Each structure stands twice: as structure tokens, then as C-alpha cells.
Amino acid sequence: MSEPATSFTPEIPSALPSIPADATPMMAQYLEIKARWPEALLFYRMGDFYELFFEDAVAASAALDIALTKRGKHLGEDIPMCGVPVHSHDAYLQRLIRKGFKVAVCEQVEDPAEAKKRGAKSVVARAVARLVTPGTLTEDTLLDARAHNYLAALSRTGAEAGFGLAWVDVSTGDFAVTSLAPVALGAELARLSPGELLLPETLDEDEDLAALLAQSGAALTRLPAIRFESGQAERRLKSHLGVSALDGFGAFARAELGAMGALLDYVELTQVGRMPALMPPRRVAATDTMAIDAATRANLELVRTLQGETAGSLLATMDRTVTGAGARELASRLAAPLTDPAAVNRRLDAVEWFHDARDMRARLRAGLKSAPDIARALSRLSLGRGGPRDLAAIANGLAAAHGLCAALDGASPSLLPLPEEIARECEAMRGTAASLQSRLAAMLAEELPLLARDGGFIARGASPELDETRALRDDARKLIAGLQAKYAGESGIAALKIRHNNVLGYYIEVPPRHGEKLLAPPFSDSYIHRQTMANAMRFTTAELAGLASRIAEAAGRALEIELALFDELAAATLLEAPSLSRAAEALARLDATAALAELAAERRYVRPRLDASFAFDIRGGRHPVVEAALARTGQAFVPNDTSLSAESGGGKHIWLLTGPNMAGKSTFLRQNALIAIMAQMGSFVPADEAHIGVVDRLFSRVGAADDLARGRSTFMVEMVETAAILNQAGERSLVILDEIGRGTATFDGLSIAWATVEHLHGVNKSRALFATHYHELTALSEKLAHLANATMRVKEWQGDVVFLHEVAPGAADRSYGIQVAKLAGLPAPVIARAQSVLAALEEGGNHEARTKLIDDLPLFSATAKPAPAVKVSAAEEELKNLNPDELSPKQALELLYKLKALAAKDGE
């Protein structure tokens, strides 16, 4: 599992070493550049390495576990130094970013030959090309292709009680903003899970807010409050959008403007003056999506398990997408279930169409597999970090979009007409940038380098001038081979070779024993000695130097032409950025929709009926993750019904669920919450039938964990989460509560649970499932008109308990705790003693009975005898050794009679 992003800000010194008069030109340049980026590690390009110096080197060597060396002196002290290779620096960047560092990447911006023209001691010009931070990553090697990487900004103005929260995915251009009440901030941050969060320094004064932000998991970047000033932000936004007024994009609150302005400033800062191709900002209303707080998301294991793993989460169980963009769209839908029934049903219409059109679904998914990630390729091109492969991704993505659109347009007449959701996506793709796609396909070669500077990415025949220059370059290389043969023949040295490196250029190389021959007449007149090595001597000639010059000119000119063509193609692509972004979104949505249809067909899910009622009727509901896990082992999940609807459930919108541990209460609670989320994200659900009235807020208090960092016990955490539910839940909410009040004294816990149920019933009036071991609460069904009792069915057999995992009306008559403890393997004396204590408590419960129990404890009487060794019967021994899969019917019947005889003998 990858390391999570942290809110730790590494200490990088803001006061840097002064530049002494005797500093080398290189070190003087380094210190000058570092002074401009004091809070980041500086990757200083030195040839094929990025080198770090001073405290940067100390911090990086420790974080990366690489060698710390030294290079020269500063003010009489050794300068610490470490470095990483340029060709593999992405891996080191990723590790530093995940440990909370920011990295300023400083590149050489001129050729060393140009620097030498200014003087022998001139240093190559360098400049920071970008600031790499957790929220501004664009490279595929640094990103998860199947997850968004949001940079968010939080703002609050004195005149407004709430917050403005803006977010952008620099790698795709997604840009949005919303206004939030303070109580809703945690839920929204949990939904977005940003990689980095910008906030004004003044917000640190709010201790409760600081604690909430620290829990978000995002790297926190504090900026001067002036960066969030709404007037300045509005001007910045208008300039970015190229408009004189923002009315066409929505009526933004001051806090929203401040957050968006800070985002744009920070993106431009980190990209050193360049801006990615961002979509126009969309304003998201808090009521558009189901509110799910951080605790509920964690308890329900929506995107990762409680152990932090992706496998075993709801997202991993549901994901059938075939593209990275489709996976991101699916994750976004799961994170933000919709609350508008019409919007949800449009999604369900599209899923149903693909569900029924099996052949078209298979054809579409096969076509999508060849669709690259247009959005991320476009972002890299807009930031000047794109390469030939990004242009090819655009071309191939457009080709896939056009092909899929044609396939959908030509769908079989036997199918229903395209639903609105699919027709809209098709319209976004139809004919998009067709001329650009044709041009890119014609210009690009089949085999493409990663970087444009490597050349060779323009197809032969695409540019006559380039073809001519390449021919000259390639012919010159043939002349080199001919010249080598000529020199070998003239000198009689068969081992003579003409080689090339970046220092000497082309040179003649011979073994040392033949070198003396070339140093003596008559060869010394034409062969000029260049270098002596341990195992070779190197020479040149005027003829070779002239030919090398022509080759260099031809090769340089060919690369120059290719780079110019690349710039032309990139510029033409960026002109189509808006339509390309729409096509990329359409492909992602089609992938997510078809994937949900594939899942529904594979797992026998059904379309839920979703409307504006207060219904919550599930027939044959199943837990999607548990069902999938059981299916892998050949087991079946036991389905259960739920009815929390005032309309059809006899007015019972709260169920009080009792039953033993291990009987399936928590699974039942969670499965209903997950079914609600799946339905409102626009997915079919694991049930035989489902009718759900829109849920506006989902609350879950399931499981137990302490919060030692903030001085909170398990019980305190439980009470804080319960308080949030009781203070925020409403009539449209769905509440899942498990074992409220168990972390304190029995009567205290019972009292809290009792009062909580009454409050949910009379004040919140929410649809709720309340699991408890306090059987006394079942009496509330006689007092509260909208509460019903339900229990997990069990059977007892020969003193053991068998869990049926079935929910039935009524209340449990006992908890079966001792039987569960026995299953867990508690020692036999402990089980026996527990049974006797329970019997005594059930008989009376008065003070004298409890005193007698204490007097009977082994501590005050005699040490308990060890449990007798369990004798294994002959029948049990026989059962242990048999393999059912190897028995024929006749053998099985004979064995049955044998076991019966052994059992009878054992019982004597």
C-alpha cells in the first residue's frame, strides 16, 4: 500500500546561507535560486543528476535513504550534498511528496556551449521550471490513474458564517466551488479527499477547525490571508476566464471567490507562470449530494477498508471500468450520491439500457479499452510538459470517441432509443475535433519517444523538409561507416573504429599497441592525437571533423524541425481544449455507466425505484462486499428484508434490532446504508426489489475506536459521533446506530441508548436502524408508535448456538454471549464459571446474591481446576480422516452405517 499524504510540513530553513565573495559561480547561482524557494527542496540540475545542497541534502538523504556526501566548502564548512539521477527522478519525487515535502525543480535553460561563449568561467543558466506539491501533480508516474488528485482551498470572510471551498484537479482540469456551513466541512473534505489543502494563516486561530483539518489527511499549505481577498480574487478569476463579469458562471459568495482566487494564484505559482487547461468553474450546491461525514465513510468502508486497504472496499467490489478516467468517474459518483430523483433516474435509465443491450455493452467496453486518458494528456500539453505520446493519446482518444459514437448511433432498431444520458454523451463526442484527429494521425510515427527532444516522432512523408534533412543526416552516417573502412584499410589496423560521445564528438579509436603507429610518419601528418586511455588511444582527422560538423548540422536541423512541428501540433490541440475536455468527460461517463451495467448483470442486481417519498423498502437485500467475498468461496449470502417506510411499513420508520454478536447485525445495518448510497449514485442494487425515498444525509455509528491523539476514549468518540447525528439528522436522513452506550456502566449506557432512541423517534424522525444488546429497550415499541422490534434469528443445538443470519420481527430473548465466547475459544473453566455467574444473576440480582458470587470467586476460595483433557471419540477420529470428495455413493452409505455404529459404541 502506498504511503498516505500527510499534513506534516517539513522544516526547510527560511534563512539561507549568505553568498560569500569567494563562492564559486555555480554555488552563487544555487544560493540565489534557493533564496527564492526557501520552503521547498531544490532539485538543482547538474548534467544527468539533480543535486541538493546544505539542509536540503540532509533532509532529502534521510527521507530517501540515499548517501549524503559533501561538495566544496561554504564559510569554511563542508557543504552537504546528495543527488538523484534525472532519468529516474520521478520515483524519488513521489517518495518526497508523500512524506510532505515540496520540491522546486531547477532545470538548465541553455546549452553548455552557449554558456562557454560568455566566458570560460560562465555557469549554465538555470531556472525553476515548477514547484511540485501533493496537489499539483500531472505525471502519470506520480499519479494514480484511477483516482482524482484534488488541490483544494478553504476561505472564510468575516461577514459570512460559512466557508467557501474550491477544488481543482490540475491533471484533468476539473474545477468547482461550493459554500458550506461549518458543520458540513468535515463531510465535504472527506468526500473530496484532497491531496493538498490551501488555507489562510488566520484560520490557525480556530483550534477546533485546525483539529478537523489535521484529520482530513491532506497536506496543509498555509498562505497569507491577502491571497484569499475576494476583490483581488474576483479580478484574478475574470482575467483567467477572459470575461468582464462572472454572472454567466453563477452568483459566487465572497468566500467562494476567495477560495477560487487563491487556487488560481497557487497553481500559477507552482507551474511558474503557466496554467493548465481548466474547465470553467462549476458551482456545487451542498444540497445536490447526499451528505456523508468522515466517520460514516470510514465505517462503511466506501473506498478503503478500516485497515487502509483498497481491496475489500465497496469501490473495489463495484469497479468494472476499463479506463482510468472511467474509474475516476465511478469513484466520484460513489463519493457524492445525488439527491435529485430526476438526475438519479437519468443515470439509472442509462445503466438499464446498457444492462439490456448486452452485445452493445460488450462492444462499447472493448472500444473503450483503446481510449487513452485525454484529460491528463491535455493537461500536460497545456503546462508545457507534454510529449509526443500525449499527442498520440489525444488522437487515439478522439478516434475511440468517434468510433463509439458511430456504434451507438447505429444501435440495433430492436433496442430502445438511446436514453437522455447516453445521447448527451454521444453528442459531446460526435465529430469532436475530427480534423485535428486526422492531422495528428497523419503526422505522428507509430513508435514514439517519451520526450520531444529525443526526436523521431514525426512520420516519414509528413514533412518534405524534414524528410530531406533526415536523408542528409542518415547519408552522412553512412559516410562515417565508409570513412572507418577507408582508415582501417590505409593504416592496416583492422581494429580501428569511429565512435562518438558528447565530449569529443566523433573520434577514431584504436588499441594502444596500434596508437604508436598513427603517431609516427606518415600517419602523424593526418591523424591528430586527442586522448590516451588505459585500453585505447583516440584520434581525429580534418576530414572526420568536417563530416562530423555536417552530421551535427543535419541532425540538429532535423530535431529543430521536429520540435517546431511538435509545437504547432500542441498549439492546435490546445485550441480544441474545451471540446476535447467534453469528449474526455463523455468517455469517462460512458465507461462508468457501462461498468455499472456489467456489474448488475454479473451480480444479479436490480434497478431501484427512487423518488421523493420517505420510503425505504428493501426485499431480499444483500451486502455487496460480503456477498462477493462469500461467492469466491462458493458460499451464498442470506438476504433480508427491510421496511422503514411510514407509507408501507405500518408507520414504523425505526427498527430496534437485537440478537447475539456474530449473528449479522452489523452486516445488516451496513448493507442497508450501502444500498442507499448505490441507488443514489445511479447504480443497480443487490436486492430482489428496492424502493427508496431520497436520503439527504447518511449517518453511521458502527464500530469502536479511540482517538488517543486528541485525548478521547472509545466511549467519548462514540458520544461525539452520536451527538453529531442527533444534532443534524432530519426526516430525510438515514441513521445507522450500533451498540450505543456500551462503553460505560450498564445503567448509564442503557439510559443514553434509551434517550437516543426517543430523540430519533420524536425529534429527528429519521429512518433508522438501531442495533443493541440492551433488551430493555424493546419495551419502547409499546410506547413509541413508529418503532418496531426486529431480531437476528438463531438456533440452539446441543448447547451450541447456530447463527441463521436472518432478520425476523420480534425481540431476542437472550444475548448468547457465553456461547459466542465459547466459539471464540475461551478456556473451559472460564465458560463454566461464566455460566454459573449468569445463572446466579438471573435468579436474583440483589446485593446478597452478588456478595455470594464474590465469595465464590476462585481468588477467595480455591484455584480453579484445569479443564480435563477432551477425549476424541472414535466416530470423530473417523470423520477427521475422511475426504468426502473421494467417496462413491456406495462408500458414503457404508461409511454412514459405520459412523452410526461407532457413535453407539462411544455412548456406552
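We number each residue from 1, going along the chain as drawn.
Placed from the backbone N, Cα and C atoms, the Cβ positions cover glycine too.
Taken from Swiss-Prot, the feature ATP binding site applies to GLY659, PRO660, ASN661, MET662, ALA663, GLY664, LYS665, SER666, supported by sequence analysis. Under the three-state DSSP scheme, GLY664 (ATP binding site) falls in the coil class. Its Cβ taken as reference, GLY664 (ATP binding site) is surrounded by 24 other Cβ atoms within 10 Å in the chains shown.
Residues GLY659, PRO660, ASN661, MET662, ALA663, GLY664, LYS665, SER666 make up the record's ATP site, and a Cβ search at 8 Å around their centroid adds MET792, PHE803 from the same chain. Same-chain residues at least 6 positions away in sequence with a Cβ under 8 Å from that of GLY659 (ATP binding site) are, in sequence order, LYS665, ALA771, THR791, MET792, ARG793, VAL794, ALA812.
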